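Peer 1: First the structure, which I've put down as structure tokens, then a few questions once you've had a look.
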Amino acid sequence: MEYHPDLENLDEDGYTQLHFDSQSNTRIAVVSEKGSCAASPPWRLIAVILGILCLVILVIAVVLGTMAIWRSNSGSNTLENGYFLSRNKENHSQPTQSSLEDSVTPTKAVKTTGVLSSPCPPNWIIYEKSCYLFSMSLNSWDGSKRQCWQLGSNLLKIDSSNELGFIVKQVSSQPDNSFWIGLSRPQTEVPWLWEDGSTFSSNLFQIRTTATQENPSPNCVWIHVSVIYDQLCSVPSYSICEKKFSM
């Protein structure tokens, strides 16, 4: 058997070469795996970011859709309300038979509908056939009389027990104040007279006197709560004006 040293070297070199090739391939595989591992995280991060962006866009789309629906509904409600308001204005602008009757008979409006179509001026109170003003200006009896005249009225004249009850109810809410009425006399020895010249009847109410030795001549009358007194005409007080009207 011949010995071939070159073949041995080839075998040895071949083996060695193959060994080196195997190691080289192993290193390349390891490097490839490391490279793929290193490249993986950026792609995952990008995928997560894209997912979040998609979710945000979806939420925005839902919100915008909801707002659009709400605006559409509110717009339709506004148009509907405007329609009813315009219809109400048309109805109120058209006079009816009842409104014409109320304008002719104002007291009917007060009694039946409560609408303020009163023949009385502002701040006056209507009762039966008269308007009343409870003036809060302090004046003597003569000054109060002039004030009522300037307003086209007279100081109060009480004609009935019902009217007296109405006046008492009004002044009782001001227990610290007294109010001049249209009852006076020129001197102590003569009867009491209303402003229209008619004589006072004690059957309606009694006049309590405040006469004293110092003030012997109280020739004017005022009402305090539910009691009617004579008083010096020069004493400042409030007053009640009355204006009658035809039914």
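Residue 1 is the first one shown; counting continues down the chain.
Each residue, glycine too, has its Cβ placed from N, Cα and C.
From Swiss-Prot, for reference:
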BINDING   LYS157, ASP159, GLU163, GLU242  divalent metal cation binding site
DISULFID  CYS120-CYS131  disulfide bond
DISULFID  CYS148-CYS241  disulfide bond
DISULFID  CYS220-CYS233  disulfide bond
CARBOHYD  ASN91  N-linked glycosylation site
TRANSMEM  45-65  transmembrane segment
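Could you place these features in context, so I can see how deep they sit and what lies close by?
Peer 2: DSSP gives ASP159 (divalent metal cation binding site) a coil state; it is part of no helix or strand. Sequence-distant contacts (6 or more apart, same chain, Cβ under 8 Å) of ASP159 (divalent metal cation binding site) do not exist in this structure.
For CYS120 (disulfide bond), applying a Cβ distance below 8 Å and a minimum sequence separation of six or more within one chain yields ILE126, CYS131, LYS243, PHE245.
Under the DSSP three-state reduction, CYS148 (disulfide bond) is assigned to helix. When other Cβ atoms within 10 Å of the Cβ of CYS148 (disulfide bond) are tallied across all protein chains shown, the result is 24.
Sequence-distant neighbours of CYS233 (disulfide bond) (same chain, six or more apart, CB under 8 Å from its CB) are SER140, TRP141, ASP142, SER184, PRO218, ASN219, CYS220, listed in sequence order.
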Peer 1: Return the residues near LYS157 (divalent metal cation binding site), defined as same-chain residues 6+ apart in sequence whose C-beta is under 8 angstroms from its C-beta, sorted by sequence, else 'none'.
Peer 2: ILE181, GLY182, LEU183, TRP194, GLU195, ASP196, SER198, GLU242
Peer 1: Would you find the one among the binding-site residues GLU163, GLU242 whose Cβ has the most company, meaning other Cβ atoms within 10 Å?
Peer 2: GLU242
Peer 1: Based on Cβ atoms within 10 Å, give me the single least packed residue among the disulfide-bonded residues CYS131, CYS220, CYS241.
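Peer 2: Across CYS131, CYS220, CYS241, these disulfide-bonded residues, the one with fewest Cβ atoms within 10 Å is CYS131.
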Peer 1: How long is the line from the C-alpha of CYS241 (disulfide bond) to the C-alpha of GLU163 (divalent metal cation binding site), rounded to the nearest angstrom?
Peer 2: 14
